[in-house]
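Engineer: Structure in structure tokens, see below.
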Amino acid sequence: MKILLVEDETILMKATAKGLRKSGYAVDCAADGAEALRQYVLNEYDLMILDLNLPKVDGMEVLRRIRQQDQELRILILSARDSVEDKIGGLDGGSNDYLTKPFDFLELEARIRNLLRRHFEQKSVQLRCGALRVNMADRSVFCKEQSAALTKKEYGILEYLLTHKGRILSAEEIIEHVWDSEADLFSNAFKFQIHSLKKKLEQAGLPEGYITNLRGQGYKLSEPEELK
């Protein structure tokens, strides 16, 4: 899952991003409203954490512009504005939740989990490819009805491949979605994670050939022709 964290207080932004990454989320950061809108246009996010007191473009204006074209993105306002009027304005303006500062990080995590879970439960999203099935609401993975226990990064890679089933994805694209824009594209971490993912899926009963590495192009997930 990829999050855009919009916060102009540098220390708070870095601490929050660090905690979210430790919990397995990919996090991009923006320190002002204009940068938030730029990142939103350039990248694909599952959730935005949005401060309201932002330089350049106010948080409520960021919310308004996004909601003009996108009703799907989950948006959680995280702000020091704690009046009832501010909360009502934020929720009526299109945010999915409103948390005031100062806040407990565990509560923030719980609210993020709840927003993402409700989002996928409402959509009843199940991704399938032959014998492979993923339930996005609870992140469960099954190969021929046998469950596969994946790490958060392994699951993130699999989910991204499945949502782009049949398409060749570069390693850079996968890394930037599952990790974040600050990830080291030349690190061996990705190769290790995708090797481990393939091994776990095969151990759970998935035949070889679902995830293929096309040299010089990238990775593709599809049901092997001989199994169709």
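Using the three backbone atoms N, Cα and C, a Cβ is placed for every residue, glycine included.
Keep in mind that TrEMBL annotations are predicted by a computer and have not been checked by a curator.
So TrEMBL lists the following for this protein:
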- 124-223: DNA-binding region (DNA_BIND)
- 2-116: domain 'Response regulatory' (DOMAIN)
- 124-223: domain 'OmpR/PhoB-type' (DOMAIN)
- D51: 4-aspartylphosphate (MOD_RES)
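Set these features in their place in the structure for me.
Structural biologist: In the domain 'Response regulatory' (2-116), the DSSP tally of helix, strand and coil residues is 55 helix, 24 strand, 36 coil.
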Engineer: May I ask which residues of the same chain, at least 6 positions away in sequence, place their Cβ under 8 angstroms from the Cβ of D51 (4-aspartylphosphate)?
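Structural biologist: When sequence neighbours closer than 6 are ignored, D51 (4-aspartylphosphate) has V6, E7, D8, E9, G59, I77, L78, S79 within Cβ distance under 8 Å.
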Engineer: Using DSSP, tally how many residues of the domain 'OmpR/PhoB-type' (124-223) sit in helix, strand and coil.
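Structural biologist: Summed over the domain 'OmpR/PhoB-type' (124-223), the classes give 35 helix, 23 strand, 42 coil.
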